[in-house]
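Single-structure report; data block below.
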Amino acid sequence: LTGIPGLQHLHLWISIPFCLLYLITLAGNSTLLCLIKADPTLRLPMFFFLSMLSVIDLVMSTSITPNMLNIFWFHSTAISLDACLTQMYFVHASSAIESGVLVAMALDRYVAVCNPLRYLSILTRPVVAALGLATLLRGVVFMSPLTFQIRRLPLCSPAVVNHSYCEHMAVLKLSCRDTDFSNTYSLSVSTYVGTFDSLLIVLSYAFILRAVLGLSSSQARKKAFSTCSSHLCIMSLFYIPGLLSMYIQRYHLELPPHVPVLLANLYLLIPPAFNPLIYGIRTKQIRDAARRVIYWRR
């Protein structure tokens, strides 16, 4: 692994924000999980999906950041093929699972806002468990073929991946055979997941905003708009950079080599760090739970 091609001389400086984002990810998501486990009032479907999101964020960020920091700080660029394929699998599978969890969370908010009296009768435990299992299986089923395809391909030397982690298309460039099928499959699945899921999310929030516009309180409307806009912004940081990075590599756009790599890092590092803030700390139930836990400890 070369790190960030063309910016090797800036690796030490780049490592500072990367390390800070990782520490924020660990602290924020771990705290959120502990709060949800400790407070019995946080047993609603919303917090089940939030727990799933926190676990996936921890897995996704941990699968790449320690290894990247090892490259930036100690120039330890070597990685075995098995470790590379394992990292690639966890990165892409967790990305697909996170996308599904974001859809489930948007559905949860839609039911809570547009049909609050039937919230618990619609999102029952079996329904919530089925949604969680479906998002998990979809990520595993969609992304497993990517790893198996590369495992069967002969790789040429020099085995140098021009990336900061084992991203599928970057690793695929090492193959001595035609890789059009693998590239097409990867791009098709990523486009389908990103486009379909983001459309469902936007549709859910459109219905939410329509319901909010009917509220008589201007303060309630302002709060709802603020919440929806922050949710959509953090989701945009997850979907747009990841898809742009793949399209740039697939169609060989004339851009500096570090651009797709930085975009690929952006969507894996920023959302996991900000998700606990956007979905957790800004939620009144989470803030109240934190006060109760602190009070109990005292």
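The backbone N, Cα and C atoms fix where each Cβ goes, and this holds for glycine too.
These features come from TrEMBL:
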type: DOMAIN; residues: 28-279; note: domain 'G-protein coupled receptors family 1 profile'
type: TRANSMEM; residues: 12-35; note: transmembrane segment
type: TRANSMEM; residues: 47-69; note: transmembrane segment
type: TRANSMEM; residues: 89-107; note: transmembrane segment
type: TRANSMEM; residues: 127-148; note: transmembrane segment
type: TRANSMEM; residues: 192-213; note: transmembrane segment
type: TRANSMEM; residues: 225-248; note: transmembrane segment
type: TRANSMEM; residues: 260-281; note: transmembrane segment
Self-check item: Cβ-Cβ under 8 Å with the transmembrane segment (127-148): same-chain residues at least 6 beyond its ends
Solution: 45, 48-49, 52, 85, 88-89, 92-97, 100-101, 103-104, 107, 168, 182, 185-186, 189, 193
Self-check item: Top Cβ-contact partner of the transmembrane segment (12-35) among 47-69, 192-213, 225-248 (pairs under 8 Å)
Solution: 47-69
Quiz prompt | Other parts of the chain folded back onto the transmembrane segment (47-69), taken as Cβ under 8 Å at six or more residues beyond its ends | solution = 1, 3, 15, 18-19, 21-22, 25-26, 29-30, 32-33, 36, 79, 87, 90-91, 94-95, 97-98, 101-102, 104-105, 108, 128, 131-132, 135, 164-165, 265, 268-269, 271-273, 275-276, 279-280, 285
Exercise. Could you pull out which residues elsewhere in the chain have a CB under 8 Å from any CB of the transmembrane segment (89-107), counting only those six or more residues past its ends?
Key: 46, 49-50, 52-53, 56-57, 59-60, 63-64, 131-132, 134-136, 138-140, 142-144, 146-147, 165-168, 189, 193-194, 197, 200-201, 204-205, 231, 235, 238-239, 242, 267-268, 271, 279
Quiz prompt | Distal contacts, the transmembrane segment (260-281) - CB-CB under 8 A, six or more residues away | solution = 4-5, 18, 21-22, 24-25, 28-29, 31-32, 35, 50, 53-54, 57-58, 60-61, 64-65, 68, 91, 95, 98, 105, 162-165, 167, 230-231, 234-235, 237-242, 244-245, 248-249, 287
